[in-house]
Each structure stands twice: as structure tokens, then as C-alpha cells.
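Asker: There's a structure below that I have some questions on.
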């Protein structure tokens with residue numbers, strides 16, 4: 001069921017209740033070849049609700065798990081990113097894994113890899129040196145990659161999941177990680193419907209911009225001028241204008257089509273900006289009405305969380 005949140009996103013607290021760490025926390029160790037996508041994987045896991053810690057010293061992991069389980073809200077899903085650049089990384093994750101399992105935690109290891117050609121291309125694009133390049137025999141990028149492959153061979157062999165990102169787009173990697181670590185359900189698609197005034201500029205983060213300046217402006221009606229589109233007297237006026245309902249439902253259909261495509265591409269956030277001249281009357285009324293329509297939509301294409309915000313309301 002779609003949830004509608006107006007002006008601010010409601011906080012969602014995980015179920016309360018005491019229990020063992022095993023019941024409360026699961027851990028995934030994210031590692032693999034440099035350039036294979038660890039950073040991207042960490043961002044995806046964060047979007048999926050995991051708390052991500054980068055190169056945490058092994059002696060602090062157990063303490064962090066305990067503190068996270070006792071936090072409010074508790075940290076129930078912890079992703080530990082570990083790579084060869086860390087002075088704590090030995091190439092053998094058995095000590096770390098044993099620590100976590102001794103606490104009764106479900107612990108998995110994710111290993112990311114890619115072909116040499118792709119890794120070389122990615123490093124060239126980013127204009128970075130490989131972290132083990134200076135340790136290789138001839139100091140070349142390809143030699144650094146070879147050293148890392150040897151060093152991480154045991155880690156790869158012990159991993160619960162190995163993902164080769166050679167042919168994967170970011171969105172394809174997102175889907176694979178969602179299948180493995182999403183908890184059995186797709187991550188929520190969060191939609192923001194934002195009203196604004198064109199005279200203050202179009203929102204830079206807008207994925208879709210709707211222009212409602214074709215509707216009659218309540219500003220020129222003295223008894224409506226001081227009211228906003230959040231008030232019934234203005235919203236009823238705006239929504240009853242010729243073409244308003246057709247436009248509203250057409251936009252709803254367009255947003256549904258777009259959110260469906262966003263889901264397929266692994267995207268999780270979308271902002272629809274609704275603009276009028278000053279961001280007080282027409283855009284506010286249409287944004288509220290569009291948010292209600294999307295919020296009442298139970299189809300598979302609809303967003304899961306809808307937030308309605310008014311950027312320029314009160315700015316005049």
C-alpha cells in the first residue's frame with residue numbers, strides 16, 4: 001500500500017523488543033578487486049537499508065555491533081567494506097568472520113571482481129593509481145591488478161557470493177544486490193512531489209517538471225490572493241478550472257509510467273516538480289492533488305512512499 005507523507009518523511013522505527021544479537025543483526029562483508037565496484041555496492045546496500053562502515057578496525061567490529069543493536073533505532077543490517085588499502089586488511093577474512101560468528105551473527109562475504117581490461121579502463125577513466133601498483137614488479141597498473149588477484153584468491157574462494165561486474169551496468173548491479181540482500185522485497189521507490197515558483201528557478205534535482213501556469217491565477221482574485229493552494233477555497237478553485245482535472249490525471253498516468261521504468265532501472269528516488277509563477281496557489285494545489293492520487297494508487301507501478309513538499313510557499 002502506498003504511503004503519503006506531507007512536508008516531511010515519517011520516521012520508521014524497526015520493531016522493538018529484546019532479543020539476542022543473532023535475532024537483531026546480520027552482517028555482510030563487502031570486498032573484492034579495486035575498481036570492481038565496492039563503492040557502488042556500498043551505496044546500493046545503504047539504499048537497501050544497510051548501515052555501511054568502511055574499513056572498520058577488526059577489534060572494533062564486535063563493539064560496533066553491540067552498540068548498533070542497542071541504538072534507537074537499532075542497526076539490524078551492517079555492511080563492512082574491507083579492501084587492500086586498509087592497514088587492517090590481511091587478505092584473510094577468517095579472523096573477522098570468526099569474530100562475528102562468535103557473536104551469533106549471520107555473516108556473509110560478498111566478493112566483487114571484473115576482467116583486467118575493464119579494471120584498467122576504469123582506473124584510466126578515474127585517473128587513479130592502483131593501490132598495489134607500487135608493490136608490483138614493474139610498477140604498472142596491470143601488474144598491480146595481478147598482485148591483488150593473488151592476494152585475494154583465498155577471500156574469493158571463501159566468499160558466499162561472487163559478482164563479476166565486467167558486463168554489468170550500475171542498475172544491473174543494483175538489481176543483483178537487491179536480490180541477494182534486499183530482504184525478499186524490492187526497495188521502496190520514494191517519490192517527492194514538489195511545488196515551486198518559476199520566478200525563483202526550477203529545482204535542480206527535478207526529474208520531471210510540470211508547468212501549471214496555463215491555469216487561471218488565483219492571485220488576481222482579491223478574496224483568494226492571501227490564501228494558499230493548501231487551503232480548500234483555493235484548491236477547489238484551481239481544480240475546478242477547465243482542463244485542470246484532465247491535466248491532473250494525465251500527469252498521474254505519466255508519473256506511473258515513469259516510476260515503472262525507474263523500478264526496472266533500479267532507481268529508488270524520483271522528484272516531480274510542479275511549477276506556477278510564485279509557488280503559492282496553482283502549483284501547491286496541483287501538487288497536493290497529485291500526491292493524493294499517487295498515494296491512493298495501489299498498482300504495482302506506483303511509488304511506495306510519496307512526499308509532498310512546497311519549496312516556495314511563504315516566500316513571497
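Note that Cβ sites are derived from N, Cα and C of the backbone, with glycine treated the same way.
Pulled these from Swiss-Prot:
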BINDING   32, 33, 34, 35, 36, 37, 38, 39  ATP binding site
BINDING   83, 84, 85, 86  GTP binding site
Asker: Counting other CB atoms within 10 A of each CB, which of the binding-site residues 32, 35, 37, 39 comes out lowest?
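Answerer: Per-residue Cβ counts within 10 Å for the binding-site residues 32, 35, 37, 39 bottom out at 39.
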Asker: Across all chains shown, how many C-beta atoms besides its own are within 10 angstroms of the C-beta of residue 34 (ATP binding site)?
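Answerer: Within a 10 Å radius of the Cβ of residue 34 (ATP binding site) lie 23 other Cβ atoms.
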Asker: To the nearest whole angstrom, state the Cα distance for the pair residue 33 (ATP binding site) and residue 83 (GTP binding site).
Answerer: 8
Asker: Three states by DSSP: which one describes residue 37 (ATP binding site)?
Answerer: coil
Asker: Where does residue 32 (ATP binding site) sit in the DSSP three-state scheme?
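Answerer: For residue 32 (ATP binding site) - judged by DSSP and reduced to three states - the answer is strand.
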